[in-house]
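Notes follow the structure.
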């Protein structure tokens, strides 16, 4: 069964010119990029995207980071796309939880600057795709 998921290549990855590397890893896994858009994220979209973290102490710095520079947003499709992207990205903490061979394990050092976001469930993917790509 084909699934869709949202991938965000965050400002730290864009600044470090890692877009091609990350997209390449997704495509080499056998997934398809169905939509791709480089955009500057406003506070409203960022707040909606990270609404589940609103009561957490890091919410303000999370919004500040995701709005600090351009983000490459992508709809990724393929069999088990949500789980496949989560496997590719690795754990949220790039040093302690992300395995070598994952995007974060290979390319990131800090939890806040962990390069990439992937939806954590099919329900989250549907909600996030509707936010980031409302016309699709």
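Each residue, glycine too, has its Cβ placed from N, Cα and C.
Database features (Swiss-Prot):
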- 117: active site, pros-phosphohistidine intermediate (ACT_SITE)
- 10, 58, 86, 92, 104, 114: ATP binding site (BINDING)
Coarse DSSP state, helix versus strand versus coil, of residue 10 (ATP binding site): coil
Most crowded position, judged by CB atoms within 10 A, among 92, 114 as binding-site residues: 114
Other C-beta atoms that fall within 10 angstroms of the C-beta of the residue listed as 'active site, pros-phosphohistidine intermediate': 20
Integer Cα-Cα distance in angstrom, residue 86 (ATP binding site) to the residue listed as 'active site, pros-phosphohistidine intermediate': 9
Cβ neighbour count (within 10 Å, all chains shown) around residue 86 (ATP binding site): 17
Protein Cβ atoms within 10 Å of residue 58 (ATP binding site), excluding its own: 12
Tertiary neighbours of residue 10 (ATP binding site) (same chain, Cβ under 8 Å, six or more apart): 65, 66, 71, 113, 114, 115, 116, 117
Surrounding CB atoms that lie within 10 Å of the CB of residue 104 (ATP binding site), all protein chains: 24
Cα-Cα distance, maximum over 10, 58, 86, 92, 104, 114, record's ATP binders, Å: 22
